[in-house]
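Below is one structure, written out as structure tokens; the observations come after it.
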Ligand code: C2E
Ligand code: CA
Ligand code: CA
């Protein structure tokens, strides 16, 4: 029963669809309306030309031809031509205005189209009826059928009604005056069928075309949206941003110059991603993107890349900073509240365009430089672009892009700074310090490249190279019979993640017979933390292998004293900050004294860095600091200078015999 019901329903649906009563979308209607308007122009033009010709033809013959037909015939025909001509003219006006979008009510057009068809068919019937009586063919009627029903698109229900109705009417009118022959009946039937098939067929063909056109239009719409949308967040992408900024630029110079390019960078997003997973990370970015968009409603906002966004924000002349700060603070709050444990944050760089010629992407890059320049600055969240930011950024990029070349081309050189025993000033070792002598930038001090290499996780390349060079220098010195002293080599905390230090020491130190006592391993205090198991275990293994571990920059970091319990260092290198203002600050002495006592109590040796004056040296010697490093005994120097100074006894050398 159900099956029959379903079949019945389906059949009914198909019949209704076939007749053009249901199942056609708005876009199909629009497509057909426009098509009919174009056909309307064509049909009305043909009709107007034909009827004008006919009017002229009849008038000419009336005046010139002696065999003039009756006056009534003339009036009948002229009226019919004129009415048809006027109807065509109206159709032309309707169609033209519809195409120009001046007439939007489709029902007026539809009703008029039917009216025109009825007039046209009536005209055809009338003329052909007159011809039929004279024994001529029904060519006028058939021509009108083809022009109106065949060129324009009709719903099958309408075309079937109009075509069948007009044929029946024509047949009965003619048949009632002169009985139609079998041949006439058959001819009329065949033409009726042909016109019907054509009109219905054209409708369904148009339906398919309209569907394809709709599909293409939807696709175009989708593609044009995708082209300007950021996939992950759904807000605009850089193409959209450039377009919007371009529009502002071309509309109003004043508006353009009253705005700032902002570059927003979410801090620690990587940790958030690692903790919560990629999908949650994307959801978080999405939420933040919409918060930014909401905060800067109506202004160009886009995702620049990863966790970076750009805004072309209005700078209110009166209280610009206050307003901007409120907006940024609310975005920052939202970011930080997403997971207080991850320590998320927001850094913002800003660039004020100087003129309208400024290129959008370059302006975004300037705002980015400004943002990057405060990346590591604790407590600084906003930075306006200056030329210095750009130079900083350029140098950073240079370091990252050229570290491999600098190593392979020998731009990195090792300088050695002497370390002496406090008790007798005898030389007892050196610290190896890297220098980058660049063909473009000249002498680059470590603070310009070490932090950058650490940030971009490239520092292991440098440190491995320094170790290798130090070992080579020791072997060369030995070969030349120059006395060898232990050298301490600096290692960054992330070296322990990025390379296998034990293996490296095995290759360069142990296998080459350098002697473990000749290489000391320096690790900065601030690098240490209790939960870093890998670092602690590696240091422990090095310790059991008899390497001497030196704790660098003691007192400069934020790590607590209890770390001293966790790690097994042999030497405490007291940070040079304690000697700053040594002469003037009365607190320096008791602090240093206590540090030395503490180190001794827990079994660590001591070394003071940054000793520049005899006064400081005397005090350190007095309180029992064992080793001294500082300009008082020598600045970091190239290997050749070290060898020369050892050979000509510029240093106090221990009795080596
Ligand atoms: P650091 O390990 O604390 O090195 C001591 C720094 O203090 C050196 O600066 C040295 O030139 C400077 N110095 C020594 N005596 C005095 C003094 O009496 N007065 C003053 N004012 N300064 C003195 P440098 O060579 O500029 O190195 C800076 C930092 O760069 C180093 O601090 C170290 O943390 C890092 N570094 C240098 N070379 C390397 C390296 O090969 N690898 C790694 N990972 N870091 C390195
Ligand atoms: Ca050091
Ligand atoms: Ca140090």
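Backbone N, Cα and C atoms are what each Cβ position is placed from, and that goes for glycine too.
Remember, predicted model here, so these are calculated numbers, not experimental data.
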Range annotated as transmembrane segment in TrEMBL, from 15-33, 186-204: 186-204
Stated TrEMBL location of transmembrane segment, expressed as one of 80-99, 220-239: 80-99
152-174, 244-266 - the one TrEMBL records as transmembrane segment: 152-174
Transmembrane segment range according to TrEMBL, out of 111-132, 287-308: 111-132
The domain 'GGDEF' (257-385) - residue tally per DSSP class, helix then strand then coil: 63 helix, 31 strand, 35 coil
PLDDT averaged over the residues of the domain 'EAL' (396-650): 93
